[in-house]
2 protein chains.
Amino acid sequence: MLYTDWVLIERGFDPNQLHARETVFTIGNGYLGTRGSFEEGYPRAMPVTLIQGVYDAVPVMYTELVNCPDWLPLTITLNGDPRRSERFSLDQGEVLSYERRLDLRYGLLRRSIRWRSPSGKTLDIQFERFASLADPHVLGLRCLITPIDWEGAIAVHASINGYAENQGFNHWDLLTQDQTETNFTEDLQLEPAIWLAARTRQSQIELGMAAKLIIQGVAATFQRESAPGYPTLTTSYQAAIGQTVLVEKIVTVYTSQDIEYPLKAAQSKLVTLPSYPECWEQHKQAWKSAWHTSDVIVEGDIRAQLAIRYSMFQLLISAPWHHQQASIPAKTLSGFGYRGHIFWDTEIFILPLFTFTQPELARRLLTYRYHTLEGARRKARSYGYKGAMYAWESADTGDEVTPRWALPSDPYASDIRIWCRDREIHISADIAYAIWNYWQATGDDLWMRDYGAEIILDTAVFWMSRVEWNSQFERYELREVIGADEYHEHHVNNNAFTNRMTQWHLEKAIAVYAWLEHTFPEQAAALAQKLEITPERRQRWQDIANHLWVPYHSETGFIEQFEGFCNLEDINLQDYEPRTKSMQTILGIDGANKRQVLKQPDVLMLLYLMRQLQEFPYNPESLKTNWDYYAPRTDITYGSSLGPAIHAILAADLGDSQTAYKHFLQAALVDLENTRGNTAEGIHGACAGGAWQAIVFGFAGIRFQDNQPIATPHLPPHWTRLAFKLHWRGKWHPFEITHSASEMNSYHPSPSPEMDEASPTINLRGAIFDLDGVLTDTAEYHYRAWQRLADEEELPFDRQANEALRGISRRESLLKIVGDRTYSAAQLEEMMERKNRYYQEFIESMSPSDLLPGVRSLLTELRQQQIKIAIASASKNARTVIEKLNITELVDAIADGYSVERPKPAPDLFLYAANQLKLPPAACVVFEDATAGIEAALAAGMWSVGLGPVERVGNAHVVLPNFADITWAGILSKLNQHLS
Amino acid sequence: MLYTDWVLIERGFDPNQLHARETVFTIGNGYLGTRGSFEEGYPRAMPVTLIQGVYDAVPVMYTELVNCPDWLPLTITLNGDPRRSERFSLDQGEVLSYERRLDLRYGLLRRSIRWRSPSGKTLDIQFERFASLADPHVLGLRCLITPIDWEGAIAVHASINGYAENQGFNHWDLLTQDQTETNFTEDLQLEPAIWLAARTRQSQIELGMAAKLIIQGVAATFQRESAPGYPTLTTSYQAAIGQTVLVEKIVTVYTSQDIEYPLKAAQSKLVTLPSYPECWEQHKQAWKSAWHTSDVIVEGDIRAQLAIRYSMFQLLISAPWHHQQASIPAKTLSGFGYRGHIFWDTEIFILPLFTFTQPELARRLLTYRYHTLEGARRKARSYGYKGAMYAWESADTGDEVTPRWALPSDPYASDIRIWCRDREIHISADIAYAIWNYWQATGDDLWMRDYGAEIILDTAVFWMSRVEWNSQFERYELREVIGADEYHEHHVNNNAFTNRMTQWHLEKAIAVYAWLEHTFPEQAAALAQKLEITPERRQRWQDIANHLWVPYHSETGFIEQFEGFCNLEDINLQDYEPRTKSMQTILGIDGANKRQVLKQPDVLMLLYLMRQLQEFPYNPESLKTNWDYYAPRTDITYGSSLGPAIHAILAADLGDSQTAYKHFLQAALVDLENTRGNTAEGIHGACAGGAWQAIVFGFAGIRFQDNQPIATPHLPPHWTRLAFKLHWRGKWHPFEITHSASEMNSYHPSPSPEMDEASPTINLRGAIFDLDGVLTDTAEYHYRAWQRLADEEELPFDRQANEALRGISRRESLLKIVGDRTYSAAQLEEMMERKNRYYQEFIESMSPSDLLPGVRSLLTELRQQQIKIAIASASKNARTVIEKLNITELVDAIADGYSVERPKPAPDLFLYAANQLKLPPAACVVFEDATAGIEAALAAGMWSVGLGPVERVGNAHVVLPNFADITWAGILSKLNQHLS
C-alpha cells in the first residue's frame with residue numbers, strides 16, 4: 001500500500017488479501033457503507049452494503065445489521081456471441097496493470113486496470129464510485145472502457161443483486177422487481193432502468209432500490225433481463241480501438257425506515273436526479289464542509305498523515321448523518337464482525353472525535369442511547385434490578401444482544417458461555433461519562449435536559465439496586481463483574497475501574513439532578529416522578545458514592561485491579577515472545593483468568609478516563625506507579641485492539657513519545673496493514689477513534705483548563721508540524737504545533753490559516769531522473785559510434801538502419817549490422833569493444849548544450865522548491881555524462897551502473913536513489929523514457945512521469961512528450977488530477 | 001383433497017396451505033426429493049430439493065441436508081414487449097380452474113390451470129414433472145400452453161436457481177455457470193442448454209446441474225441469460241388461439257459424492273439422454289417393479305387405500321436406492337424439519353416396510369449404521385464410555401448432531417437444554433433390534449457377519465460400560481435416561497423400556513457372538529480382537545442381562561414406566577378436552593415432567609416391540625393390563641406423532657378394531673390432512689411407516705410362526721378386502737384377506753392373482769346422469785310448446801328464433817317472443833302456465849325412441865359392470881320423463897327438482913344422488929351438458945364427463961360430443977389418461 005497525504009493506493013492485486021482489502025476500501029456516507037468489492041465480482045468475494053439501523057433477527061446472535069441488495073454489479077463482456085463471449089474478471093486472462101486508490105478527501109474509490117482477455121484482447125478499464133454525502137440515497141458508479149488492440153462488440157451488464165447474504169444467511173424476501181407490471185413509476189418506463197423491492201424477514205423493513213445506466217460517446221442498445229432477484233440492464237455497442245466509452249450507473253435506495261413507500265421513492269429520485277457530474281459536485285461540497293472542521297494535518301510523517309485521515313474518514317462515513325436512532329457499530333458499516341452491534345467502543349473511543357469536531361453527530365450518537373432506554377430497562381428488570389442497565393451489545397431496540405454462547409463446531413466440545421452480557425456492567429457508567437463530557441464540551445443544556453439527564457439518572461437508579469452492602473467492612477461493593485480487562489471474568493469483585501466509574505457516575509447524577517432542579521425545575525420534577533427519584537434515594541446515592549470501595553493504596557497511589565488480583569500467579573510476558581497469538585489463546589481461558597495478565601488496560605483505562613477530567617485517582621505519580629506495574633502485564637499486541645491508543649496517550653502523558661508513537665501506530669495501522677489479521681471482518685472503529693485521541697490528547701496533550709483547551713505537546717521527533725482544531729463551548733480552537741513550540745511546556749491555541757486551504761496534493765520531496773533519453777540524448781553518440789565502426793568494416797549502415805537498434809543490446813545491434821557477413825566470435829567481441837571505445841570518446845565531447853530542452857530550468861525550479869534530485873541510470877558512464885552536462889551541483893545523489901545488480905524493471909536502482917536522498921519511495925517521482933523504467937518506478941511504489949509516446953510509457957501516472965515548457969508546478973498539477 | 005385409489009387430487013388452490021401442500025406433493029426417486037412448489041414461483045414459496053447425503057454445517061444444529069439448486073423454475077410471459085409483458089403467476093390475474101394431482105403409481109405430479117391474465121388473456125397451462133426412478137440423475141418437466149382467446153408472443157423461461165436456501169441460510173458457493181467459457185462440454189454449445197456448478201461451503205461437496213429446453217409444435221427462438229447463479233434459457237414463439245405448444249425441460253444432476261466431475265457428468269448425461277417419452281417409459285417400468293412387491297390393496301375404504309399407498313410412496317422415494325451410506329431422515333427428503341437428521345424413527349417405524357417388501361433397501365438403511373459406527377464410538381468416548389453409543393440424531397458421520405439448545409428469540413428467556421443427546425440412549429438397542437429382525441426375516445447371514453454383528457457387539461460393549469451396579473439391591477441399573485416417552489427427561493431411573501431393551505440387546509449380542517463363533521470362527525476372532533470382547537466380558541454381559549432390573553410386577557403383569565412413575569401426580573386427560581395443543585404446552589416442561597402423562601407409548605412401545613418377537617414381557621394379559629393403565633394417560637393426539645400407529649397395532653391385537661382404525665387414520669392422514677399443523681416442515685416418515693405396520697401387523701395381525709408369516713386379521717368392518725405380500729426368508733408370501741376369511745382365527749397366505757395386475761384406474765362405482773340434453777333432448781318439446789303458444793297468439797316464431805332461448809328462463813323466453821307487443825302481467829303469467837301445460841302434454845307422448853343415440857347400450861353396460869346409476873335433474877318432471885323413456889329399471893336412484901333447494905352449480909343435487917347410491921363422491925362420475933352442471937360436479941368432488949362443445953363443458957375431466965359409439969371402457973380409458 002502506498003500512502004500520500006490524502007490518497008491510499010494499492011498497486012497490484014493480491015487475492016490472499018481479498019477480504020481485508022474489501023474492508024479497507026469501504027466507502028460510505030453515514031447512511032450506508034459499501035465494502036470495496038469489485039464491480040465485476042471475484043470468486044469468494046464478500047460484497048456488503050450495510051444501511052444504518054436495518055437490523056434483522058439471526059440465530060444465536062439475536063439480531064444483526066443486514067447485508068442489503070448489492071448495488072455494485074457491473075460486468076463487461078467482449079464480443080456479442082454468447083457462445084464465445086469473454087467476461088472481464090481478474091481471475092481470468094492477464095492483469096497487465098492494476099491500481100486501486102481511495103481518495104479520502106472526497107470518498108472516491110477508483111480502480112484502473114489494463115487487462116488482457118484469455119483470447120488476447122487488451123482493454124483499459126477504470127471504475128470509480130462514491131456514495132453521495134450530499135444526498136444519502138444516491139450512489140454513483142462510473143466505468144471507462146478502452147479497447148487497446150481490437151475492435152468489436154462490448155456488452156455492459158448493470159445489475160442489482162437481491163441475493164446479498166450475511167455469511168450464508170439471507171435476510172430478504174423479494175417483493176417485486178422490474179419484470180413485474182406492478183408498482184412502477186410510469187416515467188421509469190421511458191428510460192432504461194431496473195428496480196427491486198425486498199423486505200427483511202423478521203423485522204419487516206422494506207427496501208427499494210433503483211438503477212439506471214447511461215452510456216456516453218457511442219451508439220448503444222439497451223436490454224433488460226428478468227432473473228428473479230437479479231434485475232439486469234445490458235447495454236451493447238461496437239467498440240473501436242483506442243476509443244474510450246463512459247458508462248454511468250446511478251443507483252437510488254430507500255428503506256421503510258426513511259419513507260412509507262421506499263420503492264416509489266427510489267424510482268422518483270432516480271427520475272428526477274441531476275446528471276452524474278452535478279451529483280458529484282454536490283457530494284464534493286459536502287465533503288469539503290466535513291473536512292473543514294475535522295481535518296488533522298501531520299507533517300514529516302506521510303504514513304501517520306494518511307493513517308489519521310483514513311481513521312477519521314472511516315468514522316465519518318459510519319456516523320448517523322441521516323438517522324435519528326442509530327449509532328456507530330464496533331466494526332462500523334464495513335463488515336460482519338460483531339454483527340453491527342454497538343459497544344462502549346462508541347462512547348469511550350469514538351465519540352470524542354465527534355464531540356470536538358462534529359458536535360451535531362456526537363449528539364445523535366448519544367441520543368441513540370436515549371432511544372434505547374426502554375431496552376436497558378427491560379434488561380434491568382430481567383436481572384431483577386431497577387432503572388436502566390444498558391446492554392453490553394446493543395442493536396435497534398437496546399435489548400441485550402450479546403450472544404449467550406460461542407458454539408463450537410465440534411459436537412462434543414462444550415459450548416463457551418459468554419459472560420459479558422451479565423457481568424460487564426461498566427457500560428452504563430461509560431455512557432454517563434460520555435454524556436457528561438459531551439455536555440461539558442458543548443454546553444448543550446437543552447439536550448441534557450431532554451435526553452441526557454434521564455439516561456444519567458435512570459442508570460444511577462440501576463447502580464443503586466446493583467451494589468451490595470458489606471456489613472463486615474462497612475462498605476458498598478460490586479461483586480461478580482467483568483472490568484475493562486476481559487481476561488478476568490470469574491469471581492471478579494470490586495474491580496477498581498467499575499467501582500470508581502460507578503462512584504463517579506453517582507456523584508455526577510447527584511450534580512445533574514441538582515442542576516436540573518435549579519435550572520429546569522418542572523423537568524426535574526417530572527423526571528423525579530417518572531424515575532421515582534425521591535430525596536431519600538438521592539441521599540442513598542450519596543451514601544453509596546461515599547462508601548463504595550475503590551482498592552486504591554493512598555500511600556503509593558497503586559490501584560489493585562480487583563480484590564485479590566495481586567495474589568494471582570504473576571507472569572512475565574517477555575517469556576512468551578516472539579508470539580503471534582493472544583495470551584488467552586496461549587494460556588487458555590482458565591489459564592489467563594488465574595494470572596496477572598490483562599487483555600486491555602483496566603486500572604490504566606480508569607486513569608486515562610479520569611485524566612481527561614483531572615479527577616481522582618489520576619495524578620502524575622499515580623499514573624507512573626500504575627503504568628510501571630500494569631503496562632508490562634498487558635497483552636497490548638494480541639489482546640484487545642482497544643489497548644494501544646490508551647497506552648499511547650498515557651505514554652505521551654509520561655513524556656515517552658517513542659512508546660507513545662509505537663502504540664499510536666498499532667492503533668492507526670490496524671486495518672491499513674491488517675496487523676491483527678482480522679480486518680476482513682470490518683474496520684476497528686475504536687482504533688480509529690483511539691488514533692485521533694492519541695494525536696489530540698496524547699501528542700498534542702490537550703486538556704481543558706481555564707475554560708479553554710490547552711496543549712502540552714509531546715510530538716514524535718520526526719513530526720515537523722501538527723495542526724487541527726477543536727470545538728469547545730461554542731467556539732473553534734485551532735491548534736498549530738511544531739517542535740520549536742513544543743519545547744514550551746504548554747501553550748494555547750493559535751490560528752492556523754492553512755487549515756482551511758489544505759489541498760489534496762501529493763507530498764513529493766524528491767525527483768529521480770533517468771539520464772539517457774530524459775536529461776540528454778546519448779542515442780546520437782551511440783549512432784555515431786556504430787556508424788564509425790560500420791564505415792571501418794565497410795558494412796552498410798545509416799540513420800535509418802540505426803532506428804532498428806532502439807532498445808536492443810550491444811551484441812544484438814552488432815549482429816544486425818553485420819548481417820550475412822561472417823566473423824569469428826573473437827572478432828565480434830573486438831568490434832563491440834571498439835564501438836564502446838568510440839562512444840566513450842564521443843561523450844567526452846559532450847557539453848551543457850546536450851541537455852534536452854527545458855531540463856535545466858526544471859532542475860533549477862526543483863532546487864528552489866527544496867525538492868531533492870537524484871539521477872538513476874543503468875549506464876556505467878553516468879557520472880561522466882553528468883559532469884559533461886555541468887549539472888553536478890544540481891544533483892543530490894547518483895545511482896549508476898555500479899549501484900545495484902538487478903536491472904530495470906526491477907525497482908532496485910530507484911530504491912537505491914531514494915535511500916541516498918533519505919526519502920520514502922512514496923515521496924519520490926521518477927522521470928523515465930523507457931517501458932521497463934516506468935515498470936521499475938511503479939514497482940518501487942513511486943510516482944512516475946513518462947516521457948515519450950503513450951505506447952511506450954502509458955503506464956506512468958503522467959505522460960509528457962518532453963520537458964519543453966514544463967514546470968514543476970505543471971507536473972504537480974497533472975499528478976494531482978490523477979488523484980482527484 | 002380428493003382420493004382415488006392411486007391418485008391424490010387437489011381441487012382449487014389455497015394460499016394458506018401453500019407450504020403444507022408443497023410437502024404433500026413432494027416427488028422423488030430415492031436420490032433426491034423435490035417439494036411440490038410451483039414451477040412459476042409464488043410469494044413465500046419454499047421450493048426444496050434435497051439430495052441424499054448432501055449435508056453441510058449450520059450454526060446450532062451442527063449439520064443439515066442442503067437445499068440444492070432449484071431445477072423447477074419455468075415461467076411464462078405473455079406478449080414480447082418487456083414493458084407490457086405479463087407473467088403467469090397464481091397471485092396475479094384470475095384462476096378460472098385449478099387442479100393438482102399426484103399419481104402415486106408413477107410418481108407423476110401434474111397441475112392443470114385455466115388462468116386469465118390481468119389484461120384479460122385466457123390461457124390453459126398444464127405442468128407435469130417426475131424424478132426418474134430408472135436414472136436417478138434425470139428430472140423431467142413438461143408444460144403445455146394453450147391460449148384460449150388471444151394470440152401473440154409467448155416467452156418461456158427455464159432456469160436453474162442457484163440461490164436455494166435453507167430457511168434463509170445459503171450453503172452454496174457458485175463455481176461456474178453457462179455464462180463462462182470454462183468447463184463446458186463442447187456438444188452442449190450445439191443445442192440450447194444451461195448449467196451451473198456449486199460447492200457447499202463447509203463440507204465442500206460439488207454439485208453440477210444442467211438443463212435443456214425443447215419446444216414442440218411451433219417455430220421458436222432461443223436465448224440465454226446470464227445473471228450470476230440464475231442461468232436462464234428463454235424460448236419465444238408466436239402463439240395462435242387454441243394451439244397447444246409443448247415445452248420440455250430436462251434436467252440432469254450429479255454431485256461429487258457420485259462422481260469426480262459432477263458438472264461434466266451432468267452435461268454429458270444431458271447430451272446423450274433419450275427423448276422425454278423414452279425417459280418417462282423407463283421410469284414407469286421402474287415404478288411398476290417397485291409397486292409389484294410393495295403394494296397394499298384396501299377395498300371398501302378409498303381414503304385408507306390412498307393413504308396407505310401415499311405413505312409407501314413417500315417412503316419409497318426417500319429410501320437410498322442409489323446411495324451406499326445414507327438413510328431416511330425423520331422428515332424424509334421433503335422439508336427442513338429436523339434438518340435431515342436420522343432418528344430411531346427409521347429403524348423402528350420405517351424399516352419393516354422395507355425389510356418385508358424391499359429387503360435390498362432395508363439392508364442399505366442398516367448399513368448406514370455400520371458406516372457411522374466411528375461417529376458412535378467418538379460419542380461414547382466423549383461421554384467416557386466404551387464401545388459404540390449411537391447418536392440420537394445422526395447425519396453424515398454418525399456424530400451426535402442433536403442441537404444442544406433450543407434458543408429463544410427473547411434475549412432474556414433462558415435457553416432450553418435439549419437432553420435427548422445425553423440421555424435418550426435406547427437408540428443403540430433400537431438399532432440392534434432392527435438388525436436382529438432384518439436378519440430373522442431375510443436370513444442374510446453374510447451381511448450379519450460383515451456388518452450387523454459388529455454393530456450389535458460394539459453397542460453391547462457400550463451398555464456394559466453404561467450400566468451401574470446397585471450394591472444395596474444387588475442389581476444393575478440405568479440411571480438418568482430418557483425413555484421412549486419424552487415428557488419425562490429428568491431423574492428417570494430404570495426406565496422399563498430402556499432396561500428391557502438393553503437386557504434383550506445383551507442377550508442377543510451373546511447369541512450373535514455364539515453364532516458367529518460357530519459359523520464364521522475367523523471373523524468372530526477378528527471382531528473379538530478389534531472390539532476387545534474377551535470371554536470374561538461376555539460373561540459380564542450375561543451377568544448384566546441376568547441382573548438388570550426391569551420394573552415388572554409378575555403377579556399382575558403391570559410394568560411401571562420407571563422407578564417412581566406411579567408416585568407422580570396422576571392426571572385425567574379428559575379434563576383437558578377439547579384441546580388443540582400438546583399436554584407439555586399446556587402444563588409446561590416441568591408440569592408434564594412431574595405428572596403421569598406420556599408424550600408417546602413407553603411401556604406399550606416395549607410391549608409392541610416384544611410382541612413382534614413374542615418375547616418377555618409381552619403376553620395378552622400383560623398387554624391388557626398395561627394398555628388399560630397407560631393408553632388413557634398418553635397424549636396420543638398432540639403428543640408425539642410416533643404414538644398413533646403403535647396404539648393402532650396394540651388395539652387391533654386387543655380386538656378393538658374401531659380404536660385401531662381411529663389411530664391408524666391419525667397416522668395415515670397426518671400429512672394428507674395436516675392434522676398436526678406441521679406438515680409444512682416435511683412428511684412424517686415414522687407415521688408413514690407406522691401406517692404400513694398398523695395394516696400389516698395390526699389389521700392383518702401378521703406374526704411369524706412355524707417359519708412363516710401368519711395372519712390373525714382384525715379388519716375394520718367396512719373394509720371388504722385387504723391384500724399385500726411379504727418377503728420372508730427368501731420367499732414371497734401373498735396375503736388376501738376378506739371378512740369371510742377374517743372370521744377364522746388366523747390363516748395362512750393365499751395367492752392373490754390380481755396383485756400383480758393392479759391397474760392405476762379410478763375406482764368408479766357410480767354414474768350420475770343429467771337428464772335433459774344428456775339422456776334425452778327435451779329441447780324439442782320446449783320448442784314445440786313455445787311454437788304452439790306463439791301460433792295461438794299470432795306472434796312470429798320459428799326454429800331459428802328458438803335458438804336464442806337456450807339457457808334462458810321461462811319468463812325471459814316469453815318476453816323475447818312477445819317482443820314489442822304489450823300484455824298485462826296477468827296475461828304473461830297465464831301464457832307461461834299455458835306453455836308449460838303444452839310441454840307436459842308433449843312429454844306425455846315421449847317414448848324410448850327419445851333416448852339419445854348410444855344411451856341405452858351405455859346404461860346396459862354399466863349395469864353389467866355393477867356400476868350404480870342415478871339420474872340427477874333439476875326438472876320436476878324428471879320421473880315422468882324417465883318412465884316414458886322406459887329406463888326406470890336401469891336406474892338405482894333419482895334426484896329431481898324436489899330433492900334439494902340450491903340449483904346447480906351448487907353440488908347439492910349430485911351429492912344427494914351419491915348419497916342415495918351410498919357411494920362417496922370420489923367414486924362417482926357425472927355426465928352433464930351444461931356449464932353449471934360441470935361446475936356442480938367438480939364442486940361435489942366427483943369425476944365429470946362433459947357432453948357438447950368444449951366452450952360449454954371444457955372444464956370437465958373428459959369431453960365427449962355425445963354418446964354415439966361410446967362404451968364405459970372407453971370413458972374409463974379417457975379418465976385414466978387424465979390421471980397418468
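Cβ atoms here come from the backbone N, Cα and C positions, even for glycine.
These figures come from a predicted structure and were not determined experimentally.
Taken verbatim from TrEMBL:
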type: ACT_SITE; residues: B:ASP770; note: active site, nucleophile
type: ACT_SITE; residues: B:ASP772; note: active site, proton donor/acceptor
type: BINDING; residues: B:770-772, B:TRP786, B:805-810, B:SER813, B:LYS835, B:873-877, B:LYS904; note: substrate binding site
type: BINDING; residues: B:ASP770, B:ASP772, B:GLU928, B:ASP929; note: Mg(2+) binding site
type: DOMAIN; residues: B:703-742; note: domain 'Glycoside hydrolase family 65 C-terminal'
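The structure, with features from TrEMBL marked on it.
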residue	record	Cβ neighbours (10 Å)
B:ASP770	active site, nucleophile	26
B:ASP772	active site, proton donor/acceptor	20
B:TRP786	substrate binding site	23
B:ARG810	substrate binding site	16
B:SER873	substrate binding site	27
B:LYS876	substrate binding site	10
B:GLU928	Mg(2+) binding site	27
B:ASP929	Mg(2+) binding site	23
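Cα separation, B:GLU928 (Mg(2+) binding site) to B:TRP786 (substrate binding site), rounded: 25 Å. The residues near the Mg(2+) site, meaning same-chain residues not in B:ASP770, B:ASP772, B:GLU928, B:ASP929 whose C-beta sits within 8 angstroms of the mean position of the site's C-beta atoms, are B:PHE769, B:LEU771, B:GLY773, B:VAL774, B:SER873, B:PHE927, B:ALA930, B:GLY933, B:LEU947, in sequence order. Closest to the residue listed as 'active site, nucleophile' in space, going by CA atoms and restricting to the binding-site residues B:ARG810, B:SER873, B:ASP929, is B:SER873.
When secondary structure is read from DSSP and collapsed to three states, the residue listed as 'active site, proton donor/acceptor' falls in the strand class. In this structure the alpha carbons, written CA, of B:SER873 (substrate binding site) and B:ASP929 (Mg(2+) binding site) are 11 Å apart. DSSP gives B:GLU928 (Mg(2+) binding site) a strand state. For the pair formed by B:ASP929 (Mg(2+) binding site) and B:ASP772 (active site, proton donor/acceptor), distance between Cα atoms is given as 8 Å, rounded to the nearest Å. Recorded residues B:TRP786 (substrate binding site) and the residue listed as 'active site, proton donor/acceptor' have their alpha carbons 17 Å apart, per Cα-Cα distance.
On a Cα basis, B:ASP772 (active site, proton donor/acceptor) lies 16 Å away from B:ARG810 (substrate binding site). DSSP classifies B:TRP786 (substrate binding site) as helix under the three-state reduction. Across the structure, B:LYS876 (substrate binding site) and the residue listed as 'active site, proton donor/acceptor' place their CA atoms 12 angstrom apart. Reduced to three states, the DSSP call for B:ARG810 (substrate binding site) is helix.
When the domain 'Glycoside hydrolase family 65 C-terminal' (B:703-742) is classified with DSSP, helix, strand and coil residues number 4 helix, 22 strand, 14 coil.
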